[in-house]
Amino acid sequence: MFLAKSIVCLALLAVANAQFNTNYASGRSGMVHLFEWKWDDIAAECENFLGPYGYAGVQVSPVNENAVKDSRPWWERYQPISYKLVTRSGNEEQFASMVRRCNNVGVRIYVDVVFNHMAADGGTYGTGGSTASPSSKSYPGVPFSSLDFNPTCAISNYNDANQVRNCELVGLRDLNQGNSYVQEKIVEFLNHLIDLGVAGFRVDAAKHMWPADLGVIYGSLKNLNTDHGFESGAKAYIVQEVIDMGGEAISKSEYTGLGAITEFRHSDSIGKAFRGKNQLQYLVNWGVSWGFAASDRSLVFVDNHDNQRGHGAGGADVLTYKVPKQYKMASAFMLAHPFGTPRVMSSFSFTDTDQGPPTTDGQNIASPSFNSDNSCSGGWVCEHRWKQIYNMVGFRNAVGSDAIQNWWDNGSNQIAFSRGSKGFVAFNNDNYDLNSSVQTGLPAGTYCDVISGSKSGSSCTGKTVTVGSDGRANISIGSSEDDGVLAIHVNAKL
C-alpha cells in the first residue's frame, strides 16, 4: 500500500514538474510575442525568419472568438464571446495550418488564453458571428448562462483576495472556475488547442482566479500531441499572468507551484537599470535576490503588450521600442543572462494606447512588409527582426547553459561578463566611453561583434574583437555609438 502511494505521489510530481518545461526544440531559445499578427503571416515568419534565426517559440494573440468593438482596439481580443477559433487573425483551419508549419521548422506555439471572464456589456456580436447578452450573462456560443458566473461586483480593493478573484475586472463578466461545467468547457477549449499541436499557454488574468481551480483545470489537460514532434508524456508549458509588485493580498508564490508566472518585477527592474535610475554594476546578482520568482518559474521580458502602453505594472520605467538604444541594451542583457525564460516583444507602432493593429480597411489586419535589412514597415515594429535582438537569440543558443563568469564593472554603468568560455558581452550606459582590457573567457582569435554586425563567411559586417591567448581583449564602446552593447560568441569567430 505504501509503495502504491509512493508511485502515485511520484507520478503526480512528474506531472507537476512537466508544466515548467518549455517544450522547446533542442538548441533553440527565446520566445517572441507576435502581437496581433495573422495566422498565415506567423506561419510564413516561422519558416522564413524565426526558424532560420534560432527562435524557439511564438506567443500568439487570443485565438477564440471575441467581441467586435468600435474602432477595433487591441483589447477586444480579451473580450471572449465563445471558444470558436475565429478572430481577425484567422479561422481554425488557418490556425491549425500555422501550428503545423511552425512545429515543422522547430518553432513552438503558445496561446494567450482568456478564461477568467467573458465580454463586458456592449460586447454583443462576435468575430465568428455569435451573439451574446453580457448584461444578462448569456453567451450561447459556448453556451454559458448566468448560472456559470460569479455575482456582479467590482474590484476596488487589491488587498482583498476574495474581491480580486470573485468580482469583475473592469466590467468583464467573471466566470466561476469552481463550477464543474465551467471547468469542463475551459478544459475542452484548451485540449482542442493541444490536439492542434500547441506547446503551451499564457493564462490571462490568472491572478483573478483561485489557484485551486486552476490546478483542477491544468490537471485535466491532455499530454501534448506527439504527431507534432513532442515527446510522449509531454505536458503544456503554462505561464500565468500574475502581476505581483508586492504589497497586495495576492502573491505570485500562490501560483508558482502550478506553472511559471509573468515576472513583471524583471520588466520594472531592467527598465530602471537601463534608464539610468539604478547603476548597472548592481546587476551582478540579477535573479531571485531581486525579488523574482525562481528561474524556471519566471517568464521574463523587457516590456509586454500591456505595460508598453502604461497598463499593468512598471509605469514610466518600462522600456519600449520608442527608446531604441536602451531597449536594445536591456534586451541584449536579458538574452545574454541565464535567468528565466525570455520573451521578446514584437509590437505594432501606436500613438493611442487603445489603437489596434494596422489594417487594410479599418477592419482587416494588414500583413507586415519587410525591408532588405530584415526590418518591418507598414506600421509594424518587429523588434524581433532588429539585428541587435535576433543576433542575441543566436548568442543565447551558442552559450547554452554555461554559467556567468568573469564579471567586470567600473563601479558604475559599464559592465561585462562571459558565459563560460562560449560567449562574452559588454555594456556601456555611462555618458563617457568604455575603453578597457577585459577578461572574455573565450579562446584566442578574432570575433565578430553580433550587435554592430553579423558574421558573413570569414568576414564581419560590424566591429571585430581580438581575444589574446590569455583570454583578454580590448573592449571599446563609445558613449555616442548607436548601440551601447557589444557581444561575441564562439559561433561568431572569424
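The backbone N, Cα and C atoms fix where each Cβ goes, and this holds for glycine too.
Here Swiss-Prot flags Cys46-Cys102 (among others) as disulfide bond, drawing on similarity to another entry. In the three-state DSSP scheme, Cys46 (disulfide bond) is classed as helix. Same-chain residues at least 6 positions away in sequence with a Cβ under 8 Å from that of Cys46 (disulfide bond) are, in sequence order, Val58, Met98, Arg101, Cys102, Val105, Val107.
If you look up Swiss-Prot, you'll see Cys153-Cys167 (among others) marked as disulfide bond, on the strength of similarity to another entry. Spatially close to Cys167 (disulfide bond) yet at least six residues away along the chain are Asn150, Cys153, Ala154, Ile155, Asp174, judged by Cβ distances under 8 angstroms.
Summarising the annotation, Swiss-Prot assigns chloride binding site to Arg202, Asn304, Arg343. Long-range neighbours of Asn304 (chloride binding site) (same chain, six or more residues apart, CB within less than 8 Å of its CB): His33, Thr262, Ser267, Gly312, Arg343, Met345.
Look at Swiss-Prot and you will find Asp204 tagged as active site, nucleophile, backed by similarity to another entry. Classification of Asp204 (active site, nucleophile) by DSSP places it in coil, neither helical nor stranded. Of all Cβ atoms in the shown protein chains, 21 besides its own fall within 10 Å of the Cβ of Asp204 (active site, nucleophile).
Taken residue by residue with DSSP, Asp306 (site 'Transition state stabilizer') is part of neither helix nor strand, so it is coil. Taken from Swiss-Prot, the feature site 'Transition state stabilizer' applies to Asp306.
Long-range Cβ contacts of the region 'Disordered' (350-370) within its own chain (Cβ-Cβ under 8 Å, at least 6 residues beyond either end) map to 35-38, 40-41, 71-76, 88-89, 309-311, 376-380, 382, 385. Annotated region 'Disordered' per Swiss-Prot: 350-370, in sequence order.
Among the features that Swiss-Prot reports, disulfide bond is placed at Cys376-Cys382 (among others). Listed in sequence order, Ser346, Ser347, Pro368, Ser375, Cys376 are the same-chain residues at least 6 apart in sequence whose CB falls under 8 Å from the CB of Cys382 (disulfide bond).
Residues near Cys448 (disulfide bond) in space but far in sequence (CB under 8 A, at least 6 apart, same chain), listed by position: Ser454, Lys455, Cys460, Thr461, Gly462, Lys463, Thr464, Ile488, Ala492, Lys493, Leu494. According to Swiss-Prot, the disulfide bond annotation covers Cys448-Cys460 (among others), on the basis of similarity to another entry.
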How many Å lie between the Cα of Arg202 (chloride binding site) and the Cα of Asp306 (site 'Transition state stabilizer')?
14
Since the record lists Cys102, Cys153, Cys376, Cys460 as disulfide-bonded residues, which of them has the fewest other Cβ atoms within 10 Å of its Cβ?
Cys153
Separation of alpha carbons, Asp306 (site 'Transition state stabilizer') and Asp204 (active site, nucleophile) (Å):
11
Can you break down the region 'Disordered' (350-370) into helix, strand and coil residue counts using DSSP?
0 helix, 4 strand, 17 coil
Run through the Cβ atoms and count how many others sit within 10 Å of the one on Asp306 (site 'Transition state stabilizer').
20
